[in-house]
Amino acid sequence: MVSEEADSWGLGEGGSRSWPTSKPERVDDQVTVLNEHRRLSLQEIDNARFSWIHAKICFVAGAGFFADAYDIFAISIIVSMLGYVYGNEDGNLSPWQSTGLKVATPIGNLIGQLVFGSLADIFGRKRVYGAELVLMVTATFGQALAGHGRAVNIVDVLVLWRFVMGIGCGGDYPQSAILMSEFAPIRTRGRLMTAVFSCQGWGQLVAGLVGLITVSAYKGAIRDASYPAIYPVDCIWRIIVGFGCIPGLIAFYFRYTIPETPRFTMDIQRNIAQATRDINNILSARRHTVAKGLSSDTLVMAPRASLADFIKHFSEWNNLKVLVGTAYSWFALDIPFYSLTLNSSAILTYSNFGKIDGNSPNDVYESLFRICSGNLVLTVAGFLPGFWVSFCLIDSWGRKTIQFMGFIVLTVLFMIMGFAYVPLNSTGPGQHAFIFLYCLANFFQNFGPNTTTFIVPGEAFPTRYRSTAYGISAACGKIGAVVAQFALGHTLLNSNKDMQIVLEVLSFVMFTGILSTQLIPETNQKALEYLSNESQEAYITGAIERGVPLYA
């Protein structure tokens, strides 16, 4: 079922509509035909049956997200390995080296989301889709081959490569989300976007699996190595990093076979005739005739993107509050998400499930095995189930309800974990209870704001600013990730006592997310055009062909 608001605009499933093919004589009638043609074209997208093109876009976008997540979150495992090879006598990198490796990617993400988000609204989703993947794969390959010398420290080289990789990964966010949202039917849009984003969980899972398998494969080499076990561990982390190139390379070809979205062609390129032909070719089971008088050279007169128009649109509170709501909600979510996820190895160590003291070959193997298996357990127990439940309920419960519930539950969970941290970690059963609560928090991050903050910005803005606004929202999230690493992640590496303070702070941050959720609209089962807060009745005001007005 679609919403009454969407159907009242003519984008629902009710009623029989005829496709306008004649060319009226009166100017008013001609403009009416253009608007009707646009409306019916959009209706074809919104009411389309699930088809191969939807599956293809979901797979291609998801493969990129899989690679993004693998590369970003594998660092939690790799930092421990780098400590044994290039760290101090205790087998650890300095706190600032560790923080630099973890914060470089979110900083790159921020830049990539803003730049590629804006470019996609200018040049098109298709034309820039794949460029970010080149950056990501190149930087990942560069990390795997990075060397250490007297003049250049390998950690500094890795920080630079991870920054470049972050730009590519960041550019993937608006591209993948917008492509899926603009192609998806109303009734399954939430599930399709969730399916794309859930590949983040699969990327984390495979990062843990590859780490565990590689460490196990080098078990004999580590234990037989002379003290310390530098060479085998140096090989292990390079294999783990290099594996991240594979899904990116697989997705690379398919990204250039993805068609441009009809919404971009229609509303930004302003070419309704070409958009109709694209819909006929890739989405519609029925073939519709382009209205007489419209050719591929005919451009309609409609709102166009410009700085002045952007300021005008978002100077209205009804539009600005949506951007503020999506941006701050993502900011609030990424503070705990990145401070805990990128430091999961430290959290496991505090609860006696991670790294152990000692640098003997046996100690090194035992520590790495526990870190990899611990990260694997956290992913399987929390991240993936959260995505699965979101997938099942996102189009029935709605985005706002799930986000609101997630922030409430996370506020309570972090409060319990923070204020009861000392008694929980004083005994063996208490430590198991703490890990259970941590996994539960991971579950409600993904069955909650981690999923919805990805979806809502891809639905709630006009087509001409959808990717730009999405990039702004996502970039605000990465500001939260950077704050998390400098203010909280660095603290996590200092002492067990500071962990308690961090969790208490995160509880307050989650509470502010409850407030920001009130600013966003419920986007479930509503047409993207309805959610744009712009009148669609007279969206088109005329047309021109080769610079000559046809009717206006």
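Glycine is treated like the rest: Cβ placed from N, Cα and C.
According to TrEMBL, the features are:
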REGION    1-24  region 'Disordered'
TRANSMEM  57-86  transmembrane segment
DOMAIN    57-524  domain 'Major facilitator superfamily (MFS) profile'
TRANSMEM  192-216  transmembrane segment
TRANSMEM  236-256  transmembrane segment
TRANSMEM  376-398  transmembrane segment
TRANSMEM  404-422  transmembrane segment
TRANSMEM  434-456  transmembrane segment
TRANSMEM  468-489  transmembrane segment
TRANSMEM  501-520  transmembrane segment
Take every residue in the domain 'Major facilitator superfamily (MFS) profile' (57-524), average their pLDDT values, and give the whole-number result.
87
For the transmembrane segment (376-398), which stretch among 192-216, 236-256, 434-456, 468-489, 501-520 has the most Cβ pairs under 8 A?
434-456
Between the stretches 57-86, 434-456, 468-489, which wins on the count of C-beta pairs under 8 angstroms to the transmembrane segment (236-256)?
57-86
Hey, which bits of the same chain come close to the transmembrane segment (468-489), Cβ under 8 Å, at least six residues off its ends?
99, 102-103, 106-107, 109-110, 113-118, 120-121, 170, 173-174, 177-178, 310, 323, 326-328, 330-339, 342-343, 453, 457-458, 460-461, 502, 505-506
The transmembrane segment (192-216): which same-chain residues, six or more beyond its ends, come within Cβ distance under 8 Å?
54, 58, 61-63, 65-74, 77, 176-177, 180-181, 184, 222, 236, 239-240, 243, 247, 341, 365, 368-369, 371-373, 375-376, 379-380, 383-384, 386-388, 390-391, 394, 446, 451, 454-455, 458
Beyond a gap of at least 6 residues from its ends, the CB atoms lying under 8 Å from the transmembrane segment (404-422) belong to 332, 336, 434, 437-438, 440-441, 444-445, 447-450, 452, 499-507, 510-511, 513-514, 517
